[in-house]
Structures are given as C-alpha cells and as structure tokens.
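Worksheet: the structure to be examined is printed underneath.
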Amino acid sequence: MLWVQLVTGALISAVLIFCIAGTRKLTKLEHPATVFSYGSSFAFYFHAFFRVAILALCIAILVIEVFALGTKMFSYYTIWNFILQTIYYVWALKYQFSTAQSRNEPVATTKETHYLNTLFDVCFSNSILVVGVFWGFLYHPGMHWYGYFEHGGNTLAFIIEFVSNHFLISRRSWFFTIFFAAIYSIFIWISYATWLHGVWPYFFLSMDTPYAPLWYIGIFGGHVLMYGVALGFSRVKEHCLPAMIPVAVSHIKPQVNNPISYV
C-alpha cells in the first residue's frame with residue numbers, strides 16, 4: 001500500500017527534522033556551573049566495580065548474540081539499545097576515573113558530564129520501553145537466560161546505576177529517544193528491502209496494514225511516555241537522595257581544605 005508508506009515515511013521524516021532542530025538548539029544552551037562528589041572512597045570504588053561487572057556481562061551477551069544470530073542481531077531494537085547501553089558503561093567508567101578526585105573533593109561538571117548524562121537519559125528510558133513492549137507483546141517461552149537480562153535485568157541495573165551516579169533526567173533531552181527510534185526505523189526500512197529479504201523483525205513495523213502509521217505514532221508516543229516514567233524516577237531521586245545531586249557552584253563556600261577541582 002503506497003499511501004501507507006508515504007504517510008509513515010512523512011511521519012518519520014518530520015520526527016527527524018524536529019529532532020535535528022532540537023539538537024542544534026540544545027547545543028547552544030549554557031549549562032549551569034555545578035559540582036559533584038562521592039560520599040567516600042568506598043562509594044567511588046563500589047560504583048566502579050558495579051559498572052565493570054555490568055559492562056563485562058553486556059559484552060559477554062553481545063558476543064553470544066553474534067554467534068547465535070550473526071548480522072541478524074542488528075535488526076532488533078533490543079540489540080540497538082543494548083549496544084547503546086554498553087557504550088554508556090564504557091564512557092561512564094572512562095569519565096569516572098578521569099574525575100577520580102571526586103572521591104575526596106567536589107569536581108566541576110563539564111560538557112562531557114552533560115553529554116554523558118544525556119546518553120544515560122536515553123538508555124534508561126529506552127530500557128523501560130523495551131521491558132514494556134517485550135513483556136506486553138513479544139514474550140515467548142523458552143527464552144535463553146541472557147534474554148531476561150536484555151529485557152529486564154538491564155533496567156534493574158540502570159536503576160542501581162541511577163541511584164549510584166550523580167545524574168538527573170533532563171526534561172530537555174526527551175526528543176533524543178524518538179531520534180534514536182527514527183534512525184532505527186530508517187535502518188529497518190532499508191534492511192527490509194535488502195538483506196532482511198522482505199521480513200520485518202517486529203510485526204508492528206510492517207507496511208502491509210493500513211494501521212501502520214498509527215503503529216509508528218504509538219512507537220514514538222511510547223518513547224515519550226517512558227521518558228516521562230524516567231523523569232518520575234528522577235523526581236524521586238531528587239527528593240530521597242539529595243546527596244547524589246550536583247550542587248550549584250554558587251552554593252559552595254570556598255575553603256582551603258575543601259577545594260573545587262576543575263577537570
């Protein structure tokens with residue numbers, strides 16, 4: 001049905017244009033000057049150990065998927081998000097050790113801090129979405145053990161990560177989730193016509209139904225909705241764990257024995 005493809009294509013194009021414009025606008029914003037620190041060296045190293053453990057598990061699962069599915073693994077949105085999450089843990093560890101002074105003293109946030117925070121926003125909210133979609137529409141008995149981590153265990157890990165890090169979910173970053181989904185949609189359309197040989201990885205991506213545009217609206221809407229859930233977690237953290245929230249520099253009184261590191 002040509003009209004279905006045209007309408008859905010126009011929808012995806014509109015989302016892409018909106019997200020590109022939003023990205024350009026967001027990069028021009030000035031971020032407030034803030035600092036963060038761990039409560040102790042133990043908290044710092046415990047968080048690092050946790051990240052290393054989860055990263056090792058993610059890499060092991062991706063290797064298993066390569067041998068089990070080959071290139072077909074790249075047709076699944078779960079894998080796209082899982083790869084993005086793995087990238088997050090690599091970057092988070094690199095950033096954590098590059099700001100190791102935070103064990104003992106406040107460290108000033110930088111652009112890298114905000115970029116990493118944005119990546120966390122996308123990974124966390126998308127992991128919640130994958131849990132809802134998989135267990136609501138796609139679950140099948142006999143799933144391998146690693147499938148449970150890809151569709152739930154990783155979200156629990158992100159909740160622990162959220163409690164342990166110094167990030168809050170930004171209200172300005174929500175459109176990156178639909179940006180990611182739109183890029184995946186374009187990739188799948190191209191893949192469907194080439195190496196997937198006319199097979200859709202998910203039934204709700206199919207163009208063989210007049211309801212396809214509604215499915216895609218639902219997909220993008222679901223991303224926004226789950227981002228709202230992530231914002232809810234952020235609000236709880238803000239109220240229950242104030243010590244894990246970056247503090248504005250203007251609220252810090254300079255002291256000789258408590259300097260601020262600018263990394």
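Numbering starts at 1 and runs along the chain as displayed.
In case you wondered, yes, glycine gets a Cβ from its N, Cα and C as well.
Those TrEMBL annotations? Automatic predictions, nothing curated.
TrEMBL has this to say about the protein:
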- 6-23: transmembrane segment (TRANSMEM)
- 44-68: transmembrane segment (TRANSMEM)
- 74-93: transmembrane segment (TRANSMEM)
- 114-139: transmembrane segment (TRANSMEM)
- 145-163: transmembrane segment (TRANSMEM)
- 175-195: transmembrane segment (TRANSMEM)
- 215-234: transmembrane segment (TRANSMEM)
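Residues 38, 79, 82-83, 85-86, 89-90, 92-93, 96-97, 100, 102-103, 144, 146, 149-150, 154, 157, 160-161, 164-165 of the same chain lie 6+ residues outside the transmembrane segment (44-68) yet bring a C-beta within less than 8 angstroms of a C-beta in it.
Ranking 6-23, 114-139, 175-195, 215-234 by CB pairs under 8 A with the transmembrane segment (74-93) puts 114-139 at the top.
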